[in-house]
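Please read the structure below before turning to the comments.
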Amino acid sequence: MDPPENYSGFTRNHSTMALRIHSTTDTLVMISYLLLVLVFGLWAVLSSSRGTVKDFFLAGQNLSWWLMGISNYSANISSGHFMGLAEIGAASGIAVGAFEWNTIFMFFVLGWIFVPIYSKAEVVTLPEYLRKRFGSLRIQLCSSCFFLLLYIFSRTSMEIGFGAMFLKMVWDTDIYQTMLVVLTITGMYTITGGLTAVAYVENLQAGIMIVGSVLLMCYVFREVGGYRGLVKKYFQAIPSKTQEGNWTAKTQCYMPRPDAFHIFRSAVSGDIPWPGLVLGATTVSLFYGCADQVSVQRFLAGKSRLHMKGGCLLYGYLKLLPMFLMVMPGMISRILFPDQVACVVPSECQKFCGRQTGCSVLAYPVLVIGVVPSGLKGFMLSTVCASVMSSLTSIFNSSSALFTLNIYTWIRPTATEKELMVAGRFFVIILFAITVVWVPIIEMASSETLFEYMQVLKSCLTPSMTAVFLLAVFCKRVNEQGAFWGLIFGTSIGIVRLLAEFFYGSETCEEGSKCPMLICSLHYLYFGFLLFLITLLIVLAISLATKPIPDRHLHGLCWSLRNSRQRRVALEKEMRWTMFPSATFQQGMFGETQSCFWKSWDLFCGLDKQSNSKIGPEIATEEKIKASWEQMGSSGMPADLEALARKTATRKEEEHTEKMRDWSSMPESLLWKRVVNAVGILLFALLILVHIYFA
């Protein structure tokens, strides 16, 4: 099939295809978008309260349902979705879209089960919940490091990889400078504004993403004659060249899959087998729906339980869209440009995309440059940039919360709330610096296989964490020893498989997989579910062989004790961690001296101008402060620190009652409760219908 008349052609440029946009209109649209984000971000910063832990990381627990739902959609729909879903859709059909639908079920579990438990635990981050649930500092620190490494090496690398690759393909500009401008604008409201500013800007980004992708979908469906035209023409989308010299490509390498329009495929020969989709993908979805800091943090910031449920449902409705906005347009791309998107001859693929094993990664970029008219091309650039910026801001804000409230408070247990705010913002600056360094590294990597690599990474690393959180909530018999060693052993097994996949490379149609059968013979979705079961068994076996945790320490932290009205006794293990010898607890640090620099910093970050001696995020007891001081080798505590400890201990009981929110006792409107339940039932019914229709 001939490409559309406005198709501008392909030229080889280094290792990627260059699709050049020289239109002044498109460039002006892109610049206008960046200025709009900057202005809107600064407005969100100046209009939000951001001087406390609660304000900066939980938006003052004042987010409405629509802010939470749209913000979560924007945070989780990345450039990898635009590029990766279209790529796999072009190569194998609609089954990959079921991954997005699978996540919706998990957000029912999040809104109705997990978030109420986390709220009762009075936490900001998920590692804090594990420490309160098991009384273990080591599991808190290990899980915090796990999340941070996962975000830096998984989400951040995927965002940079796909974002840089898309910009390189469709915009004739310097990628490093462009990404630097995007990161600078992103940092201006992320560092200073906290979750409130991030959530408002993400809503703007989500609107741009949805409008842009809907426009592209309308254009491409018109090109093929609607859904019926897609079904008819997809199976005819075959490249014109399938042999070179004496070499002939295998038929299955260039022919569309016969099950391309089915999400449930053969358990043996399917590229996404149905048992793996039902079991393995559900395990990964359960992590990202219920045990992922980025997703959960926004719902912990909700005004009430009813708003949290409404946000989960709105996010669920929006997650129905990627199948139609990204996967199916990717399939249409194969119809319109079969020689490029479905190329199979190594020399041809090398000419189009610099990769000899296929160019399905071009699926979304060729639609933007070949189908969309001038002017809207710039808007589509803005759409993908919006996905990059929103995903990075959510990662940075959540990573800052993880570091500040779990790792920094371990280093400095007597840190003031103001000091925590300074540390959190500096950590975001460090993350931006790391991201800038990542850009040229990821740009040189094989970005075409990033999405597949990320799916394997999720299946290898997240099941063990999913098992720990699931048992922590639903099985009160599980104790610290079982959870910690189950997490360690499960993650170790996953790392072995991941390293093998990374070392031997991904499977190709012509050559298959080079990874040893003993390690990689099991499909990664099957492996993920098996790893989940292994971790469950390890956690349960060790827990049953050791002492249980008394119920008095678990009130409100487990499903069976969620409605308990008894006062929970904090569980503190006798674990002594050596503090850094260089750590000091001098008064006047981080701005209390009110120097010119710190006054400017306070104004920039919206911090309270008065000295704040409040301990956060969790009130330190007198015994903990004394123990920390003794571990540092001091014979006695200073008088001012001892007085602070006594004052804190006397205030602890009343602050627990007055400051913290008891979600179970908050009144809910009966009318709106029924509306939310009805909307939830409708969403569940829609999910069942689309699964049946595309099964």
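Cβ from N, Cα, C; glycine included.
Fair warning: this is a prediction, and the values are worked out from it, not measured in the lab.
The following features are taken from TrEMBL:
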- 27-46: transmembrane segment (TRANSMEM)
- 66-86: transmembrane segment (TRANSMEM)
- 98-117: transmembrane segment (TRANSMEM)
- 137-154: transmembrane segment (TRANSMEM)
- 175-198: transmembrane segment (TRANSMEM)
- 312-332: transmembrane segment (TRANSMEM)
- 379-408: transmembrane segment (TRANSMEM)
- 420-441: transmembrane segment (TRANSMEM)
- 453-475: transmembrane segment (TRANSMEM)
- 482-504: transmembrane segment (TRANSMEM)
- 524-545: transmembrane segment (TRANSMEM)
- 675-694: transmembrane segment (TRANSMEM)
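Taking every listed stretch (27-46, 98-117, 137-154, 524-545) in turn, the largest tally of C-beta pairs under 8 A with the transmembrane segment (675-694) is reached by 98-117. Across 27-46, 66-86, 312-332, 379-408, 420-441, stretch 312-332 shows the highest tally of CB pairs under 8 A with the transmembrane segment (98-117). The highest tally of CB pairs under 8 A with the transmembrane segment (137-154), across 27-46, 66-86, 312-332, 379-408, 482-504, is held by 379-408. The listed stretches are 66-86, 175-198, 379-408, 420-441, 453-475; of these, 175-198 has the most Cβ pairs under 8 Å to the transmembrane segment (27-46).
In summary, the transmembrane segment (175-198) does not lie against the transmembrane segment (453-475): fewer than three C-beta pairs, each 6 or more positions apart in sequence, are under 8 Å. Sequence-remote contacts of a segment are chain residues at least 6 beyond its ends whose Cβ falls under 8 Å from one of its Cβ atoms, and for the transmembrane segment (66-86) they are 96-97, 100, 155, 158-159, 161-163, 165-166, 198-200, 202-203, 205-207, 209, 213, 288, 294-295, 298-299, 301-302, 307-308, 310-315, 318-319, 322, 326-327, 329-330, 333, 361, 363-365, 367, 383-384, 386-388, 390-391, 393-394, 450-452, 454.
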